[in-house]
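Per TrEMBL, the features are:
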- 1-26: region 'Disordered' (REGION)
- 1-174: domain 'Lon proteolytic' (DOMAIN)
- 8-17: compositional bias 'Basic and acidic residues' (COMPBIAS)
- Ser80: active site (ACT_SITE)
- Lys123: active site (ACT_SITE)
- 211-252: region 'Disordered' (REGION)
- 214-224: compositional bias 'Low complexity' (COMPBIAS)
- 243-252: compositional bias 'Low complexity' (COMPBIAS)
Amino acid sequence: MASVGPRRPAEASEERSSGGLTGHMQVTGQLGSVMSESSSISLTYSRLFVRELEAKNNFLDEAKLHLHVPEGATPKDGPSAGVTMTSALLSLVFEEPIKANLAMTGELSLMGKVLKVGGIKEKVIAARREGIKTLLLPRQNEADYVELKEYLRAGLTAHFVDHYDDVYRLAFDETKVPPLTRPSRGLPVVTVITPEIEPKEVAPKMPTLVVEGTTDSTPSDTPDLPGGLGSAVPPLRVPSPSAPIAAAKAPN
């Protein structure tokens, strides 16, 4: 079984037939028509891609595949899982998992082009929630990503790809799968690395000294903390020199 993606992973399993080109794929997970078509494109492209790497590999022509997209009770649609489903299928073919700590999104064409998708902000937030640090995104979505607030991108490495050739190179350990021996058929990969945001040290708010019986006070030189936290520090109160002080009675 192969599984990829941070929030709604694409899961693929297989059952080998006894012989002949009788392979097919069942798709489940309450998928809409667009996502169902995307799964068909992923299977067709995966077959072509595998033949380019291993001409005699008929795995996808013989296997009975089952592709499932959790959560099953939630309807879902759209083309953005194309590269994810393709990667899940190739993971089955080569019996090699996708690299850990990696999330991907992108519509896939029959020629292997990775096309623009929507909801980049929501996808980045979902990846952060799952602790994912490396993203594979369509090259056409680069502007959408860099426009996000820095705190959303902090600590993330985003690779913007134009063709599935580069998704394959980045998603798998090339020492454990058949390597691509030709240059990528897409535009060069663009990588955006956003460093972690260093926490800023803030000096604590010093309390105000107020002498009872007077109206004088000595405010601290320290500025208030962000969000007005400094004003929440209660003042220290000491008795006025003119105020009566009760003497402690000595025990008998």
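Each Cβ is built from the backbone N, Cα and C atoms, and glycine gets one as well.
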Sorry to bug you, but what's the C-alpha spacing from Lys123 (active site) to Ser80 (active site), rounded to the closest Å?
10
Kindly assign Lys123 (active site) to one of the three DSSP-derived states: helix, strand or coil.
helix
If you count Cβ atoms within 10 Å of the Cβ of Lys123 (active site), leaving out that atom itself, what do you get?
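So the Cβ neighbour count for Lys123 (active site) comes to 22.
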Determine the Cβ neighbour count for Ser80 (active site): the number of other Cβ atoms within 10 Å of its Cβ.
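Within a 10 Å radius of the Cβ of Ser80 (active site) lie 23 other Cβ atoms.
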